[in-house]
Amino acid sequence: MNAPLTLHRSGAGPSSYSSHRPLITQQRLVGASSSIPSQFIHNEFSFEQYIKDHLNVKLDNDAQICPDYSERLQCPRGASCPRRHVRPSHLNFLPAGSTALRDPNKRTVCKHWLRGLCKKDDQCDYLHEYDMRRIPECRFYATFGFCNSGDDCLYLHVDPAIKRRECERYNRGFCPKGPLCTKKHVRRVACPLYLAGFCPEGLDCPRGHVKSTPASSASRSNSPIQTHRPLTAAEAFGTGTGRGDEYGDGAGMRNQRAPAGRYGLPSGGAAGGAGAADIGASRGGMGYANNMQRRPNNVFGAPAQGAQEGGRGWRKDLSEVLCFKCGEMGHFANMCPNPALPGNRGGVERGPGGQARQARDRPRPY
C-alpha cells in the first residue's frame, strides 16, 4: 500500500544498485512535519522575562512579536499565527525618535544605513537613526565651501553663517563696525534689572546687559566667548631659533634680518653660503649651481659655513665633502658645478670634449 517509489534510470551501466534506492514519499513528509509541535514558536522560557526586565535585553524584534497578543493577550489567528505570542519587553514597540535603545558608545550615524545599504543591522557599531546632531560634518565643505558630491554627500553641510561667533562688542552695547562686522549681531531686549543696578540671573539672563565701559584685557581673557586671537606656533610650542612672531601675523621670519657683514653682505650663514657659491662659480661651474649650492644646508636643517653656534639639526662642513663625480672637495655630488669635467658620472664615463670627442666619434677608414 505504501510501497516506496523507485528511480528508473535509462541506459546500461554497472551501477545498477542505485536504480532500486527508495525515495521519501509525501506521506512520510507529512508525518515528519506533524511531529514538530505547532506552538513551538510561541513557547516562552521562564527566564526570558527576567532578562527583559532586569538585564534590559531586547530578545525579539518588533517584527517577530504579534502586536494583537501584546495588547490583548489573545490573537484571533491562534496557533497558526506566524508571529510569537510572548510578552514583549519594555524596549519593544517604542515611539519614533525614542533614545531608549541608543547605545552610549554609538555617537555617529551610519553612512551606509542612510542609503539603506548597511548589512550589520543591530550588530553595527554606528547609529541607525537619522539624527542631524550626530551626523559628522563634511570636511571638504567646511574647508573649501563646496563639495563635489553635492546632494549625494553622506555628511552634513553646515552653513558658514551659522558657525559665526557672536560679536562681544555688540553684546556690550555697541559695535563700531556696524553692518560690516563679520560676527553675528544678536538683538536682545535690554534687561531692566541690570539697568536699575543689579540682575540676579547674571550671565544666564536671556536679555542684554548693556555696558558703557570698554572691556578690559582681563575680562576678555575670562570671557566664555573667544575674543582674543588664537595662539601662534611660537606661543603654543615655545620660542626658538627663527621664531619671532610677536603679533601672530606670521611676520616673525620676515622681520628677522641678518646683520650686515663685510662688503655689505649678510653675515653668518648667508655669507658662508654665498662664499661657497662663489667658489663653485670660480671653478667653471654653471650658473644654476650658484644658488643651489646652499640647498644641502637648508635641506638638512643646518646653517651654512660660518654660521653661529646654537643652530639645530644636522651639520656638515663642506670642506670635508668629496664629490664622487668630479673628485673635488667643497660640494656634494648632486650639486656638482662641474658638469663638463671628465670623470665617472654615476656609472656613465664622461670623456674629454672638443676636438678629442670629434676625433673619437669620427668614422675610421677601412
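Cβ coordinates come from backbone N, Cα and C, glycine included.
Per Swiss-Prot, the features are as follows:
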REGION    1-20  region 'Disordered'
ZN_FING   60-88  zinc finger
ZN_FING   104-131  zinc finger
ZN_FING   132-160  zinc finger
ZN_FING   161-188  zinc finger
ZN_FING   190-212  zinc finger
REGION    211-255  region 'Disordered'
COMPBIAS  212-224  compositional bias 'Low complexity'
ZN_FING   321-338  zinc finger
REGION    343-366  region 'Disordered'
COMPBIAS  344-354  compositional bias 'Gly residues'
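Broken down by DSSP into helix, strand and coil, the zinc finger (60-88) contains 12 helix, 2 strand, 15 coil. Across the range of the zinc finger (321-338), the DSSP-based residue counts are 3 helix, 2 strand, 13 coil. Summarised as a single figure, the pLDDT of the zinc finger (132-160) averages 80.
Taking DSSP states H, G and I as helix and E and B as strand, the zinc finger (161-188) has 8 helix, 2 strand, 18 coil.
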